[in-house]
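Beneath this line is the structure, given in structure tokens, with notes to follow.
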Protein chains: 2
Amino acid sequence: MTSALTERARELDVLHAATDFRGRFRLPAGVIYLDGNSLGALPQGVAEAVADVVHRQWGNDLIASWNDAGWWQAPARVGDAIGALIGAAPGQVVCTDSTSVNLYKAVVAAARMRPGRRVVLTDPDSFPTDLYVTDAAARDAGLVVERVSPADAVARIAQVGDDLVLASYSSVDYRTGELWDLAEITRAAHEVGALACWDLCHSAGVLDVGLDEHGADLAVGCGYKYLNGGPGAPAFIYVAHRHQDDFDQPLSGWNGHATPFAMAPHFVPAPGITRARVGTPPLMGMLALEAALKAYDGVDPAAARERSLSLTGFFLECLDVLVPELDVATPREDARRGSQVSVRHPQAYAVVQALIARGVVGDFRESDIVRLGFAPLYLTHGDVLAAAEHLRAVIEGRAFEREQFTTRATVT
Amino acid sequence: MTSALTERARELDVLHAATDFRGRFRLPAGVIYLDGNSLGALPQGVAEAVADVVHRQWGNDLIASWNDAGWWQAPARVGDAIGALIGAAPGQVVCTDSTSVNLYKAVVAAARMRPGRRVVLTDPDSFPTDLYVTDAAARDAGLVVERVSPADAVARIAQVGDDLVLASYSSVDYRTGELWDLAEITRAAHEVGALACWDLCHSAGVLDVGLDEHGADLAVGCGYKYLNGGPGAPAFIYVAHRHQDDFDQPLSGWNGHATPFAMAPHFVPAPGITRARVGTPPLMGMLALEAALKAYDGVDPAAARERSLSLTGFFLECLDVLVPELDVATPREDARRGSQVSVRHPQAYAVVQALIARGVVGDFRESDIVRLGFAPLYLTHGDVLAAAEHLRAVIEGRAFEREQFTTRATVT
């Protein structure tokens, strides 16, 4: 059975050889890294780019780099590079702040774009910061938040009708990896005259998101997961061209001003996506992210998606053969699956620790999820099979019962 | 005359030898850097620290670094290190977001701490982002902003009385370098039951700010000026211990939650200053800032202030001798002077460019200000004299009239 899987892994790796970009990353030896949906691996060239920022741009050229090294334009430049991976034409994405801060801007701005309406829909199973920030923005903007599963969103949107401001959803569930229908929910929101905002944290870089194609209004996401921008890399925000003139966000800092160096006494928002900027951008992380995005040079989002589906599909195939009793939380249909496979286990935390001890790095999510992310650029079908074999060994050998894996760390 | 100044520069450098920390910085050869109030110079050890973050912490150890490298605790750790420079006992400062975002939090939170009151005072000559963000926060929180010079603040505070929410001022005027009386304005605000918030962008690292000593309530500031954290280094926010339980800020992201990894459905603010955190911190820039702050190891804020006053005082002395006709915008009294000397000139932009061409890097600020910042750690009295001589040469030689200096760049 395993030899058949070995053969199949080999065949799939040959079939997908054109999208094997492992050579563009520096991964530690002996590790199968299935946590690129928490912190992406280090791409080649980033260390050199960061050293150049520190030594030459900062240390030697000092403030002249605002012009000479293009620092001032970095948020727009990096935004456009991210835009290319999420189906956004240039001028609609800017790299700035954190996902949380950007979502706050989006929700408050949406309320101002739909005055008189009161309801925001969001997913009760969203990543918590989305829930907290949506609640906070709604409180500040006088809205009511209804937590409705994306599975029921289309029906509920129709019921709420012209009281709906915004349907705000994650494209992929961070725990189960379920992929929601961005096009369908967006269309439903538009039918009642509302807006749709998408959190792309678990989508950018691995899905053919198609924001423009599907008429999305607003989107946010982070730079440190599949985009590989490094720890705490700055986030991004997308505002569709047609909404930019009306995008009135609450954090009106000087970087979003029409004439920032005129030191004008009153705020006049810049034309275009620039108005979503706030303060001085975190350049060290942003320029690291810019260098990291080169790992995607020449990679079409559709090709990344195809490889991702092949990897996760093959992992499910391996699990069916090797550990068929496992409770898989991720949908098996391609159209409903992001770039991860999560399994439920009563001792999920210990299972994750035992896997890490064997060199397979995934993560644990409350309360019973073993979450394994498949970054398409640097994983092979051979890695996928090896990970499944380690998972079987951990489960069958009951490695998770060993003492050292039973204490929960505060973070992973 | 000049030889007397040369002798005096030498004497002063001997007198202040104990606070000469130029060896802790990597400055380009041939440059007298008077723009540390825009972007601080590169301290020794930062490049190595950043390389370690990239190669080992990120590239090799990957997500394990959240625990093993102390990433999660970085905002508190760096916050406390900054706190030591601004007179804040541990647990009151956190490193997070940008100054603009932090000021938004502070103003909205202040409104919630003083319900029923309506007025915020701020300086019409504040750095524009402070004006824009204060206006935006006031709009969102239902407040009215009155722009009143800090020179008139104490009187106006008494008039506004129990309708005052907040006196929000910069400790140092970013253009003229005038230092305002933090203790006095804070006291006046407290007398009417209001709060005081201080922008320390031009103070942290060069003044003996004494937040705790003077009873300040809130403060914000950036990491990339005199703290030398590098381009776009993350900012900080101070909330005095006594206010932390009531500090209800609008950007309630998961990093500010009491139990961030429990993935709880509703926001419960963390105890202490942690509630001022929002999203995943920009670690690359934050860890660079942490390394940069080592340049202040063993340097008491009072000692930095003493050296700063000596440098700026000597610069004024040099100007009086060498270019007595210059219009100095910065107060001559020590108690009213920050760490910069600004001069007004009808062709200020061209003067700055001509100085830069001679290796003296300062900056231009609308409309007629030549702004020269004196970072005490890496400048000597010899540098100060040389800068004054270059300024005389530029002014007397009318170097600023040369064609190449008459076009304004978009950024400096």
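Here, residue 1 is simply the first one shown, and the rest follow in order.
Any Cβ shown, glycine's included, is placed from N, Cα and C.
According to TrEMBL, the features are:
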BINDING   A:Thr99, A:Ser100, A:Phe127, A:Pro128, A:Thr129, A:Asp130, A:Asp199, A:His202, A:Tyr224, A:Trp254, A:Thr280  pyridoxal 5'-phosphate binding site
MOD_RES   A:Lys225  N6-(pyridoxal phosphate)lysine
A:Lys225 (N6-(pyridoxal phosphate)lysine) and A:Phe127 (pyridoxal 5'-phosphate binding site), Cα-Cα, nearest whole angstrom: 14
Under 8 Å by Cβ from A:Thr280 (pyridoxal 5'-phosphate binding site), same chain, sequence gap 6 or more: A:Asn255
Rounded distance in angstrom between the Cα atoms of A:Thr129 (pyridoxal 5'-phosphate binding site) and A:Lys225 (N6-(pyridoxal phosphate)lysine): 16
Secondary structure at A:Tyr224 (pyridoxal 5'-phosphate binding site), reduced by DSSP to three states: coil
Local Cβ density at A:Lys225 (N6-(pyridoxal phosphate)lysine) - other Cβ atoms counted within 10 Å: 26
Largest separation between Cα atoms (Å) of residues that the record links to pyridoxal 5'-phosphate, namely A:Thr99, A:Ser100, A:Phe127, A:Pro128, A:Thr129, A:Asp130, A:Asp199, A:His202, A:Tyr224, A:Trp254, A:Thr280: 30
Secondary-structure category, per DSSP, in which A:Phe127 (pyridoxal 5'-phosphate binding site) falls: coil
Inter-residue Cα distance where the pair is A:Lys225 (N6-(pyridoxal phosphate)lysine) and A:Asp199 (pyridoxal 5'-phosphate binding site), in Å: 13
Neighbour tally for A:Thr129 (pyridoxal 5'-phosphate binding site), based on other Cβ positions within 10 Å of its Cβ: 26
